[in-house]
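Worksheet: the structure to be examined is printed underneath.
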Amino acid sequence: MESQSWLIITKPEEINDFWEKSLVLPRLNLSDKQLLDLELILNGGFHPLKGFLNQEDYESVVDKMRLKSGAVWPMPITLDVEESLGYKVGEEVLLCDKYGNPIAIMVIKSIFKPDKEREALEVFGTNDQAHPGVQHLFQEAKEVYIGGSVRGIGFSPKYDFKELRFHPHELKKWFKDNSWDKVVAFQTRNPTHRAHFELMSSSAKAIGGKVLMHPVVGLTKQGDIDYITRVRSYKRLYEKYMKGFAKLALLPLAMRMGGPREALWHALIRKNYGATHFIVGRDHAGPGNDSTGKEFYGPYDAQELVKAYEEEIGIKIVPQKEHVYVKELDVYLPEEDVNPEHTVKSISGTQFRKMLAEGSDIPSWFSFPEVIDELRKSILHNKEGVVIFFTGLSGSGKSTVSNILATKLLEIQNRKITILDGDVVRQNLSRGLGFSREDRNANIERIGFVANEVARHGGIAICAAIAPYAQARDKNRSVISKSGTYVEVYMSTSLEVCMERDTKGFYKKAAAGKMSGLTGINDPYEVPKNPEIVLDTEKHDPEECADFIIEFLRSKKLI
């Protein structure tokens with residue numbers, strides 16, 4: 001199955017063909033949700049999908065929870081685009097991350113306008129926009145879906161918690177190498193407390209196997225604790241209490257909060273990652289209450305649906321009831337096993353968050369001190385704000401190093417990070433600006449304005465833009481230095497190396513006369529006179545560059 005589900009090209013001739021096409025194909029920068037979906041299509045996490053759903057498969061999934069082939073698949077994996085892009089069936093499109101880096105080529109098989117009302121009612125069981133999946137469908141998803149097969153050159157890079165990131169075939173190999181023939185997967189988007197730990201432990205004993213602790217680190221529900229904090233707490237819990245019977249791995253999934261259908265989808269994904277069993281708990285993947293205050297789904301609707309399909313999909317379900325703490329026994333028990341004479345203790349989510357914020361003692365029966373320690377760190381923000389501004393030619397490594405830096409900083413300190421990438425800002429805050437000197441300066445000053453607000457509130461802003469003119473850079477330094485610390489990073493990578501890289505195809509277009517005003521070719525770049533840091537990605541790889549910046553920040557006691 002691995003050879004069929006792994007959609008990354010490896011043959012040299014195919015790789016060369018990909019890069020040749022990347023220079024001429026229309027480009028589509030994907031959203032975070034679309035990128036997460038694409039990763040799991042490419043690495044086999046969404047097997048048997050070969051791409052984003054075409055119209056036939058989409059309608060079959062919405063109506064029957066099956067692909068046109070008959071295979072069970074409950075969640076429509078679609079690529080929504082603006083109708084104005086004017087794509088045509090049979091056309092190839094280059095799928096890129098939000099910075100314009102090529103990830104995959106898609107061959108369009110169908111273009112269609114979905115019936116979003118029908119999709120909402122069938123997939124989520126409601127058209128109430130209090131449901132986050134429905135809200136996204138009606139308020140954020142574009143009007144047209146394009147479907148077709150994809151082949152990738154790689155994945156959108158991730159530099160945080162690399163030791164916990166596994167593709168499906170890698171995790172399967174690990175299970176095989178360690179003789180784990182029975183593995184029960186545990187899905188979570190929340191910190192893991194005592195009740196969750198007991199649930200995993202009892203599930204492993206019930207099947208006579210081990211646990212795959214498989215938390216989601218993609219998109220979850222608005223208001224959830226950020227994944228960096230969660231993963232830090234998972235790591236500490238795993239290292240001290242779970243190493244003997246569990247494997248911790250991260251899942252880059254964009255959740256839909258789709259209740260029963262989502263639970264079935266989660267089970268299929270975990271099967272693709274090598275699990276033989278899957279824990280389905282109370283209100284699995286439920287979004288909470290609707291606009292009238294009622295729960296969207298029944299507490300055990302998800303268990304019933306997944307149980308009905310477990311034989312067909314080839315992964316067994318371990319249903320779990322709500323567990324509660326019994327004071328007299330100092331254990332967690334399923335609610336149905338509690339006797340009238342037992343004293344049941346609980347702490348609500350609202351109460352827990354209040355205790356956490358106030359620094360109140362949280363009892364050991366509820367959670368682990370290591371978990372509480374990490375959660376408390378995330379609410380402490382007491383350092384001066386910092387703006388790190390990358391400037392340099394296109395292709396010098398600004399976006400790459402800035403993203404690596406951001407993820408590394410998240411691992412070692414607790415302030416929020418804001419990335420302001422020039423390409424992304426031009427699609428939003430600076431939409432409509434051209435490339436005259438005045439417009440370029442206006443773009444950089446807008447980035448500086450936002451970065452200053454981040455610094456003023458104690459955060460860290462990482463900016464990456466060509467910023468060719470000293471006037472705008474100096475103005476930003478003057479303004480931001482009043483609110484926090486300004487660190488200018490000049491990416492000194494030579495024009496020749498930037499032209500060789502040319503991942504966005506700008507230099508080739510300029511050489512062919514198809515692009516004017518390109519900095520370094522037919523528009524000047526004014527080299528910074530006194531940057532705090534100078535980096536050359538020809539001499540140092542991107543991670544080394546990020547490490548240099550971190551050491552500088554430490555030396556100045558900025559982190």
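Glycine is treated like the rest: Cβ placed from N, Cα and C.
The domain 'ATP-sulfurylase PUA-like' feature in TrEMBL is assigned to 13-152. The average pLDDT computed over the domain 'ATP-sulfurylase PUA-like' (13-152) stands at 96.
The domain 'Sulphate adenylyltransferase catalytic' feature in TrEMBL is assigned to 163-377.
What TrEMBL lists as domain 'APS kinase' is 385-536.
According to TrEMBL, the ATP binding site annotation covers G392, L393, S394, G395, S396, G397, K398, S399. In the shown protein chains, 24 other C-beta atoms lie within 10 A of the C-beta of L393 (ATP binding site).
Same-chain residues at least 6 positions away in sequence with a Cβ under 8 Å from that of G395 (ATP binding site) are, in sequence order, T493, V497, C498, M499, R501, D502, T503, K504, F506, Y507. Of all Cβ atoms in the shown protein chains, 29 besides its own fall within 10 Å of the Cβ of K398 (ATP binding site).
Most buried of the binding-site residues S396, S399, judged by other Cβ atoms within 10 Å, is S396. For the recorded site, G392 (ATP binding site), the DSSP three-state label reads strand.
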